[in-house]
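Trainee: I have a structure I would like to understand better, so I am pasting it below and will then ask my questions one at a time.
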């Protein structure tokens, strides 16, 4: 009985070491300080690539372009 508990413990610890973010595209996305989403990017972020072995989307914060009115030359 003790052996079965020990084997169950070893199996659960071994399976917890599997990394779901092991894809190369995910690593590149996180290195550029972007985020990965499985569905769609939030409305304030733009999709720039893939994550999770092309099953998700790599999202980057959208840059807001604010136009400053220029003074007219007289």
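Including glycine, each Cβ sits where the backbone N, Cα and C put it.
Marked as signal peptide by Swiss-Prot: 1-23. Per Swiss-Prot, disulfide bond is recorded for 29-58, 36-51, 41-59, and the stated evidence type is similarity to another entry.
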Trainee: Reported as an integer number of Å, what is the Cα distance between residue 51 (disulfide bond) and residue 58 (disulfide bond)?
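Mentor: With the alpha carbons as reference points, the distance is 6 Å.
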Trainee: Round to a whole number and give the Cα-to-Cα distance in Å for the pair residue 41 (disulfide bond) and residue 29 (disulfide bond).
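Mentor: Approximately 13 Å lies between the Cα of residue 41 (disulfide bond) and that of residue 29 (disulfide bond).
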Trainee: How big is the Cα-to-Cα gap, in Å, between residue 58 (disulfide bond) and residue 36 (disulfide bond)?
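Mentor: Here the two Cα atoms lie 5 Å apart.
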Trainee: Reported as an integer number of Å, what is the Cα distance between residue 29 (disulfide bond) and residue 36 (disulfide bond)?
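Mentor: It is 7 Å, counting Cα to Cα.
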Trainee: May I ask you to report the DSSP-based helix, strand or coil state of residue 29 (disulfide bond)?
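Mentor: The residue in question, residue 29 (disulfide bond), is helix (DSSP, three-state).
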Trainee: What is the separation, in Å, between the Cα atoms of residue 59 (disulfide bond) and residue 36 (disulfide bond)?
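Mentor: Approximately 6 Å lies between the Cα of residue 59 (disulfide bond) and that of residue 36 (disulfide bond).
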